[in-house]
Amino acid sequence: MDNKYDIAIIGTGPAGLSAAINSKIRNKSIILFGIRDLSNKLVKAPKINNYLGFYDFTGQQLKDQFQKHIDYMNIDIVTEKINAVYAMGSYFTLMVNEKMYEAKSVIIATGMEHTKSLKGEEEFLGRGVGYCATCDAPLYRGKTVTIIGYNKEAEEEANYVAELTNKLYYVPMYEGNYSIKENIEIVKDKPVEIRGEDRVKDIVMKNKDIATDGVFILKDSVAPNQLVPGIEMQNGHIKVDIDMKTNIQGCFAAGDCVGKPYQYIKAAGQGQIAALNAVAYLDSLK
Amino acid sequence: MVQEIKDVDFTKTLEEASTPIVVDFWASWCGPCKMLAPVIDEISEELDDKVKFLKLNVDENPVTSTQYRVASIPTVMVFKGGKVVDTLVGFRPKEAIKGVIEKHI
């Protein structure tokens, strides 16, 4: 017995939770990564009538039912954000900044990010554009960096990066009070395009341009092919077969991240398929 | 086996090679590089004799990394006849990297 989890599940929406309960029923050691609210999309839903067995429910009520279910099964949520999942061959390494976890199989249930990528974002990825400021900050020692933050957590990363860089711009994509250090310049403007030649040179905003060496875009979740390097995509979704297998052995995916329709019970069903096939995969390793 | 290479020996090693050369550009502070190292080690064992495997620390060897315009690490480059024939930027699963290298054997 080693210290690797049997199954690591990333995401606490219906797909991830259904994968978690089914893995637990099959007596596998699991680790579940997500948020305390389970799913931001779920708690925002005003009325749900298409989840079999639960009708006339608000999203919040359905969330409470899901929470009771996982509590009953003694399933805990680890509220850490996974930056990357590396397929090492016979196992997976999951990175949370400097910390890491190991699992024999992985189920990706991260949902869909609805915000579109910026013009130039994909073109300059790895050439000035990044999604994990704390990971790549040492590359920008003494340089100018811009962080485009979509949530409060981005502020913490900005405060850390500001210790290394010469100049840091923070572009908040949300309203609120920003608890960031004094030497960080807040830019309340809308980013339009990232430009450069070899590497990033500047960001075009609605009202002005900012010269910058690096741009970090910090959202709730990164695109699956950033999260799992080497995973095969199809039309913006993770490519899976009918068993919810991806192109990487031992890596499964379920829910919105594998394609439409974006519905709760479809996600839960796929989470179950993914879990059962992950169990079959684990058994085949013995 | 993966050998450490430095700026001073790089050109000479490329010129003298009779097999394809795989170079892993890395740095000690780069998380994905640490993940990639054991993967490259495994591939080097499996393709022993057919391919020469090298690793180059970009912090200590700026000449080579600038010459080959390494802007993000890890970067894995495959050289054949002294020229770059394939470049992989970022971590990739073992089978994906091995597949790319095997194309050039």
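Placement of Cβ uses the backbone N, Cα and C atoms for every residue, glycine included.
In TrEMBL this protein carries:
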- B:C30: active site, nucleophile (ACT_SITE)
- B:C33: active site, nucleophile (ACT_SITE)
- B:C30-B:C33: disulfide bond (DISULFID)
- B:1-105: domain 'Thioredoxin' (DOMAIN)
- B:D24: site 'Deprotonates C-terminal active site Cys' (SITE)
- B:G31: site 'Contributes to redox potential value' (SITE)
- B:P32: site 'Contributes to redox potential value' (SITE)
Chain A, Cβ under 8 Å: which of the recorded positions B:D24, B:P32, B:C33 qualify: B:P32
Whole-number Å only: compute the distance from the Cα of B:C30 (active site, nucleophile) to the Cα of B:D24 (site 'Deprotonates C-terminal active site Cys'). 13
When distances run from the Cα of B:D24 (site 'Deprotonates C-terminal active site Cys') to each of the recorded positions B:G31, B:P32, B:C33, the nearest one: B:C33
Students should find that the Cβ of B:G31 (site 'Contributes to redox potential value') has, within 10 Å, a number of other Cβ atoms equal to 21
Which residues, sitting 6 or more apart from B:P32 (site 'Contributes to redox potential value') on the same chain, put a CB under 8 Å from its CB? B:I73, B:P74, B:G90, B:F91
